[in-house]
Amino acid sequence: MFLCVFPTAVNDMEKKLAEYKCDTNEAVCLKLVRFPEDIDDESTTFHPEYSHQLFGDDEVAFGYKGLQIQLYYSAGNLSSLFKVKYTARVTDTFDCVEVCHIISLIVLTCTVFISTIFGRLSLREDLTYQIHKVDISCPGFREYHERLQTFLMWFIETASFIDVDDDRWDFFLVFEKYNKDGETLYATVGYMTVYNYYVYPDKTRPRVSQMLVLPPFQGEGHGAQLLETVHRYYCTSAKVQDITAEDPSENYVKLRDFVLVKLCLTLPSFSSEKLSQGFSEEMVSEAREKLKINKKHARRVYEILRLRNTDMSDEEKAKEFRLEVKKRLYGPYRKNQRELTKMQKCLRPEELASQISQMDTRLQHEELEKSYQDVLAEYRRVLERLAQA
């Protein structure tokens, strides 16, 4: 006997099962709880940007209608409360269908809500916020960091956890002070991890690995304040060669541009008079010695400040600025030309023709102009923020 399955029946089944698919970026509900009433306050809920590390590339959980994965953290030490809610489960209707096992995917410590603060070295304090440097030996910090780094998977696309037992790691925490019933408590705002690489013969190169400001505090300038504070901290060490970042995101580069430009405004070599004379070794040397900024970043700072000092309505001055930036941007194309010259000696005619077609001069000029316009827009955004600071 043969079982005949009609297309209409299959489509109806697919439609019914589709009702049990949930977007996990919407289903996951996060909170930082300061007060008991925050638990039922919908305005304090925020959602992840990413959930693929737990739920797969599609970021979908199957098997539930109206799914809510509630993951609430105490604002201070990030003790967590975990609960799964749904209006219906697919197994209630279809016995043979396997569901996504939410609880086995998210395993976190659930304890009481309390608040605390870590840090043996306070780098910055004001009436509301504090930045502390911490090491892994600080009592309770290891457990706190395990909870803190869970936010990475929700907000950094390629996040991975670090080996905290390596003593080359530095940790920087941002806290908000708040008052509850006359008691001063602390809420976690964000953090940064920095790895100290060895540079021969006796230097180190701090490299920013992870940086995150939690969503309730984003857009308030905490990221810039954290980066500037950490940068100033390392500038005081004679052993530091320069400060870099590991695979920086576009947003991090924008933040770094703003902070480094702000810092370099105080350097004599970046004065208006010196900027008009072009990029110089004096700028490279002073930026490296006083602010631990490498040559590549110093050049970018110079171009931003040069734009700030250039009247772009003046055609001659605008052209001079444009050509100087394009000269730097042309570097990769010039390298391609040198490689082509070498290829001419070893490639067959048809292979050489293929390489030449990829290096079309007109196309290169178009790409160069686009790169310049993109850089100009980035620089103007930095200057707009600088004007508002």
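Cβ atoms here come from the backbone N, Cα and C positions, even for glycine.
Small disclaimer: the values here were computed from a predicted structure and weren't measured.
Feature list (source: TrEMBL):
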type: DOMAIN; residues: 20-94; note: domain 'Histone acetyl transferase HAT1 N-terminal'
type: DOMAIN; residues: 128-157; note: domain 'Histone acetyl transferase HAT1 N-terminal'
type: SITE; residues: TRP169; note: site 'Interaction with histone H4 N-terminus'
type: ACT_SITE; residues: GLU246; note: active site, proton donor/acceptor
type: DOMAIN; residues: 256-307; note: domain 'Histone acetyltransferase type B catalytic subunit C-terminal'
Neighbourhood of GLU246 (active site, proton donor/acceptor) by C-beta distance under 8 A, where only residues 6 or more apart in the same chain count: TYR195, ARG207, VAL208, SER209
For the domain 'Histone acetyl transferase HAT1 N-terminal' (128-157), the number of residues DSSP places in helix, strand and coil: 14 helix, 6 strand, 10 coil
Rounded mean pLDDT for the residues that make up the domain 'Histone acetyl transferase HAT1 N-terminal' (128-157): 93
Neighbourhood of TRP169 (site 'Interaction with histone H4 N-terminus'), C-beta criterion under 8 angstroms, separation at least six: ILE136, ILE162, ASP163, THR193, VAL194, TYR195, ASN196
